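Enquirer: Have a look at this one.
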Amino acid sequence: KGKCPEDGWDESTIELFLHELAIMDSNNFLGNCGVGEREGRVASGLVARRHYRLIHGIGRSGDISAVQPKAAGSSLLNKLTNSVVLDVIKLAGVRTVTSCFVVPMATGMSLTLCFLTLRHKRPKAKYIIWPRIDQKSCFKSMITAGFEPVVIENVLEGDELRTDLEAVEAKIKALGAEDILCVHSTTSCFAPRVPDRLEELAVICANYDIPHIVNNAYGVQSSKCMHLIQQGARVGRIDAFVQSLDKNFMVPVGGAIIAGFNESFIQEISKMYPGRASASPSLDVLITLLSLGTSGYKKLLKERKEMFSYLSSELKKLADNHNERLLDTPHNPISLAMSLKNLDEANDAAVTQLGSMLFTRQVSGARVVPCGSVQTLNNYTFKGFMSHANDYPCAYLNAASAIGIKKQDVDIFLKRLDKCLKTFRKEAKREKSINEISDANAATEQLED
């Protein structure tokens, strides 16, 4: 039926299935005689086994989704993977999605592919409207495609950085809709940046007849992000949304899913990909989803939500203990941020030093953001880079509850963060004491004089 099974398969069943697919490829036929330049020859047996002898990849030279006559097994693998992934996207919350395909490129290059496809529909367009998010790959995806990003600064509402809808609409009027390739919005992001106002942006795009591409990098694991996409497509316009395989399905880096609500447009994107492609990302995600089943994936999504609540409550307690606070970002369902005001005021370098201390203590993924850092990307200068704003009020630390996180991860992170912050407090007290003694000695010397 082309759907993800409810209950996961065991490993031996999955391997049997993959071997059955592999023997449908011509390079594995007994007595095969290959006289072309691409015959699925592999020098190393280890490499062949690593790929289950599925060597031909996916697609043909003109279409990544096309069937290869001499690689029936690999072609079937590709079709099944896209079908199973589509089923899981619907299960995750985007019920009306009609088409998707796995592409063997990470999110940034997959966004570039979407923009290049739109170029043929809008040959005069040279601008992309982009509500600012300080992440290099999504910015470079527009530059690589040959377009000029029009950066829309975010609005500070409480602690949250939100989409400036008025600025988006004003910029569309100023530049002219026909010169704008698309609006490039974001769902999943680091707090205090929160998902864009997708419904409102989708309505604006529909009203001005401008395409809308959504960067949904790690949003499949969040029911809130997926709901925003579903609602945006219902009330307005969303042409495609792109998500990472590794962040959402716990497979190696190297693949993404391009999905949308208009099957013909998604097919246009797949035809834009030049040449054949590696089957590894498709193989990895199919194995993973067959082993999990829908019940296993739903369980992971439920556990992630529970861990988000736990991380939030425990990080708030830790912040209070250190006279800091958990920033109030209720619209961000994955990432949290804790202020580092005391560190920032005590020492300019202390904030970045905290990041180094955590990394050397084997805490990965925690993001320490100082105030006022400047970064230049392709001749664009961003003030306050990494904080998604020119002047965010305080330095802060990010932590995320992503799919696969365990209670043990949260507990160890909080324990190590607590120790690091206590170390800073001790050093601050010692420096204060030294300064007080120094001041007292200076005062005594003045009296003696």
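Glycine too: its Cβ is placed from the backbone N, Cα and C atoms.
TrEMBL feature annotations, pasted as is:
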- ARG38: pyridoxal 5'-phosphate binding site (BINDING)
- ARG60, SER61, GLN68, ARG276: substrate binding site (BINDING)
- ARG234, ARG361, LYS426: tRNA binding site (BINDING)
- LYS247: N6-(pyridoxal phosphate)lysine (MOD_RES)
Enquirer: Out of ARG60, GLN68, ARG276, the binding-site residues in the record, which is closest to ARG361 (tRNA binding site) when you go by Cα distance?
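Expert: Closest by Cα: ARG276.
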Enquirer: Tell me which of the recorded positions ARG38, SER61, GLN68, LYS247 ends up closest to ARG234 (tRNA binding site) in space, Cα to Cα.
Expert: LYS247
Enquirer: In whole Å, note down how far the CA of ARG276 (substrate binding site) lies from the CA of ARG38 (pyridoxal 5'-phosphate binding site).
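Expert: ARG38 (pyridoxal 5'-phosphate binding site) and ARG276 (substrate binding site) have their Cα atoms 11 Å apart.
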Enquirer: If you pair up every Cα among ARG60, SER61, GLN68, ARG276, the residues annotated as binding substrate, what's the maximum separation in angstrom, rounded to an integer?
Expert: 10
Enquirer: Hey, which of the recorded positions ARG38, LYS247, ARG361, LYS426 is the loneliest by Cβ count within 10 Å?
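Expert: Across ARG38, LYS247, ARG361, LYS426, these recorded positions, the one with fewest Cβ atoms within 10 Å is LYS426.
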Enquirer: Applying the rule Cβ within 8 Å of the centroid of the Cβ atoms of ARG60, SER61, GLN68, ARG276, what extra residues of the same chain belong around the substrate site?
Expert: GLY57, ILE58, GLY59, GLY62, ASP63, ALA66, GLY275
Enquirer: Return only the integer: C-alpha distance in Å from SER61 (substrate binding site) to the residue listed as 'N6-(pyridoxal phosphate)lysine'.
Expert: 29
Enquirer: Round to a whole number and give the Cα-to-Cα distance in Å for the pair LYS426 (tRNA binding site) and LYS247 (N6-(pyridoxal phosphate)lysine).
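Expert: LYS247 (N6-(pyridoxal phosphate)lysine) has its Cα 38 Å from the Cα of LYS426 (tRNA binding site).
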Enquirer: Cα-Cα, whole number of Å: GLN68 (substrate binding site) versus the residue listed as 'N6-(pyridoxal phosphate)lysine'?
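Expert: GLN68 (substrate binding site) and the residue listed as 'N6-(pyridoxal phosphate)lysine' have their Cα atoms 30 Å apart.
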Enquirer: Sequence gap of 6 or more, C-beta under 8 Å: which same-chain residues meet both conditions with respect to ARG276 (substrate binding site)?
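Expert: Residues satisfying the criterion: HIS56, GLY57, ILE58, GLY59, ARG60, SER61, ILE64, GLN68.
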Enquirer: What whole-number value in Å do you get for the largest C-alpha pair distance within ARG234, ARG361, LYS426, the residues recorded as binding tRNA?
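Expert: The span, Cα to Cα at its widest, is 55 Å.
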Enquirer: Could you say which of the binding-site residues SER61, GLN68 has its Cβ with the most other Cβ atoms inside 10 Å?
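Expert: The residue with the densest Cβ neighbourhood is GLN68.
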Enquirer: For the binding-site residues ARG60, ARG234, work out the Cβ neighbour count at 10 Å and name the residue with the minimum.
Expert: ARG234
